[in-house]
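Quick look at what TrEMBL annotates:
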ACT_SITE  Ser108  active site, phosphoserine intermediate
BINDING   Asp58, Asp334, His338, Asp375, His376, His451  Zn(2+) binding site
BINDING   Asp58, His169, Thr171, Glu329  Mg(2+) binding site
TRANSMEM  501-519  transmembrane segment
Amino acid sequence: KKTTKHIVNCCHLIINQSKQEKDPKFWTAWAQRTLKNALTLQTLNTNIAKNLILFLGDGMGVPTVTAARILKGQLSGQSGEETLLEMDKFPFVSLAKTYNTNAQVPDSAGTATAYLCGVKANEGTVGVNAAAVRSQCNTTKGNEVTSILRWAKDAGKSVGIVTTTRVNHATPSAAYAHCVDRDWYSDNEMPADALETGCKDIARQLFENIPDINVIMGGGRRYMFPRNTPDAEYPDMAKHNGTRKDGRNLVKEWTDRMSNKKGHYVWNKQQLLSLNPSNVDYLLGLFEPMDLTYDLERNDETDPSLTEMVDVAIKILRKNPNGFYLLVEGGRIDHGHHEGKAKQALYEAVEMDRAIGRADLMTSIHDTLTIVTADHSHMFNFGGYTARGNTIFGLAPMLSDVDQKPYTSIIYGNGPGYKIVNGVRQNITGVNYLDNNYQAQAAVPLVSETHGGEDVAVFAKGPLAHLLHGVHEQNYIPHVMAYAACIGQNREHCTTNGGAGAVYSMLYVVLFHLLYCGFCGM
């Protein structure tokens with residue numbers, strides 16, 4: 001009955017929408033509202049950014065953004081195309097060129113070094129410049145580069161990392177590690193010569209390089225515990241056991257160090273949501289041995305959503321009067337695409353958009369610069385002249401005029417969805433292409449679908465967001481963020497006449513806050 005009622009309501013919405021759209025006044029009024037809003041942007045926000053938030057959709061190219069927008073709308077009973085994602089509401093949009101120094105089509109490690117450390121780098125390396133060679137340990141020393149997370153920490157801000165992948169995966173690791181191989185998750189994955197030369201695994205660097213990161217949440221438990229240590233959640237599954245050969249228990253070391261600093265370690269949703277953020281200064285949350293589960297498969301009782309993690313992170317970080325820097329990764333968008341599972345990828349993108357909305361409610365554009373972007377794209381697209389409101393996972397309206405078989409609107413350029421049956425393209429007539437794990441058809445057979453090389457969108461709002469305009473190199477992003485927050489090497493403008501107004505404005509806000517709190521305490 002619920003389903004029937006939902007379908008009826010959806011139909012009414014689409015019918016009413018269709019009637020509106022036939023009236024030219026509908027489109028004119030909409031355009032005029034958009035114009036009035038655009039005119040307000042002529043007054044630029046030149047405040048100092050107290051807080052910095054970077055949302056990184058791993059693999060979230062423009063086709064993924066568009067398809068996620070349609071999915072979001074269809075999930076709320078609309079046809080979908082006219083829907084606004086939270087990121088669509090950001091006033092400034094630009095494009096970033098994603099290539100690595102040695103790759104036309106990049107990987108997530110070299111790109112992470114670009115948008116976190118401000119320099120382009122080779123594929124497969126994190127937190128080192130292009131002079132470092134992948135897997136060659138002896139090229140690490142002297143080629144390390146620091147990230148905006150460290151710049152923020154050095155400036156007295158609280159800092160955090162939230163991801164749906166392992167916390168030592170490519171994207172988050174560039175925030176704190178200097179490693180010539182993104183796959184060196186623990187010492188178990190490192191070659192003997194690298195260990196002998198003195199290189200450190202990424203999990204170890206997470207706790208040693210910047211030992212006071214305020215919030216760390218994601219997956220990757222197995223890399224923190226001694227080899228064969230049973231996992232807390234899956235004690236009978238040997239594949240989830242600890243991997244460390246050095247015998248170190250990095251979680252225990254962290255909890256011992258943070259015992260008198262309001263530090264808390266959690267590994268499930270109940271533990272996370274039972275915390276009182278006002279009594280937490282440091283949080284380590286490791287919710288899976290590897291990556292977190294896809295949002296479509298997430299156990300809502302035991303596994304936190306990305307939105308829930310972001311909510312807790314901001315509540316902890318915003319207590320610092322100096323502000324905060326937060327990196328949030330929707331990392332499994334990428335994994336869904338690699339597996340050819342578009343439905344998984346797009347639901348991950350919609351969940352990240354929910355998290356963006358939650359952050360918006362908890363912050364202000366007056367003192368918080370928020371950026372949403374991707375590290376790279378994928379060989380994902382959709383087309384086929386589908387009708388308005390066609391389910392994003394549905395069929396194109398016509399059969400192929402070559403083999404007379406149906407095909408879904410979503411197609412991959414390559415990947416595991418390539419299937420030949422009796423020498424010809426698979427007929428999907430009897431296939432459940434709406435299944436969560438359906439692998440969309442691909443033009444070229446590959447075990448794992450590849451990244452795409454086109455530019456990615458950069459959405460920005462808040463102080464100095466207008467500096468993200470046009471087309472830029474990807475490594476430009478952290479320089480803008482640092483300039484807006486007066487951290488790192490970009491500080492001169494904060495004390496010159498040009499920046500004085502913003503500085504005085506910030507001081508006024510701080511003084512008002514202190515006075516207000518003072519009166520509250522009387």
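FYI, residue positions are counted from 1 along the chain as it appears here.
Each residue, glycine too, has its Cβ placed from N, Cα and C.
These figures come from a predicted structure and were not determined experimentally.
Spatial neighbours are here defined as Cα atoms within 10 angstroms of one another, and by that definition the neighbours of Thr171 (Mg(2+) binding site) among the binding-site residues Asp58, His338, Asp375, His376 are Asp58, Asp375. If you check the recorded positions Ser108, His169, Glu329 against Asp58 (Zn(2+) binding site), the ones with a Cα inside 10 Å of its Cα are Ser108, Glu329. Ser108 (active site, phosphoserine intermediate) is surrounded by 27 other CB atoms, counting those within 10 A of its CB over all protein chains shown. In this structure the alpha carbons, written CA, of His338 (Zn(2+) binding site) and Glu329 (Mg(2+) binding site) are 17 Å apart. You'll find the Cα of His451 (Zn(2+) binding site) roughly 9 Å from the Cα of Ser108 (active site, phosphoserine intermediate). Rounded to a whole value, the Cα-Cα separation of His376 (Zn(2+) binding site) and His169 (Mg(2+) binding site) is 15 Å. Note on proximity: among His169, Glu329, Asp334, Asp375, the binding-site residues of the record, the Cα nearest the residue listed as 'active site, phosphoserine intermediate' is that of Asp375.
The Cβ neighbour count for His169 (Mg(2+) binding site), using a 10 Å radius over every protein chain in view, is 28.
For Asp334 (Zn(2+) binding site), the same-chain residues lying six or more positions away in sequence with a CB closer than 8 A to its CB are Asp58, Gly59, Ser108, Ala345, His378. Counting every protein chain shown, the number of other Cβ atoms lying within 10 Å of the Cβ of Asp375 (Zn(2+) binding site) is 30. Summary for the binding-site residues His338, His376, His451: the Cβ-based neighbour count within 10 Å is maximal at His376. Around the Cβ of Glu329 (Mg(2+) binding site), the same chain contributes Phe55, Leu56, Gly57, Asp58, Ile161, Val162, Thr163, Thr164, Thr165, Thr171, Pro172, Gly218, each under 8 angstroms and 6 or more positions distant in sequence.
What surrounds the Mg(2+) site, by Cβ distance within 8 Å of the Cβ centroid and not counting Asp58, His169, Thr171, Glu329, is the set Leu56, Ser108, Ala112, Thr163, Thr164, Thr165, Ala170, Pro172, Gly330, Gly331, Asp334, Asp375 from the same chain.
For the pair Asp375 (Zn(2+) binding site) and His169 (Mg(2+) binding site), the Cα-Cα distance reads 13 Å.
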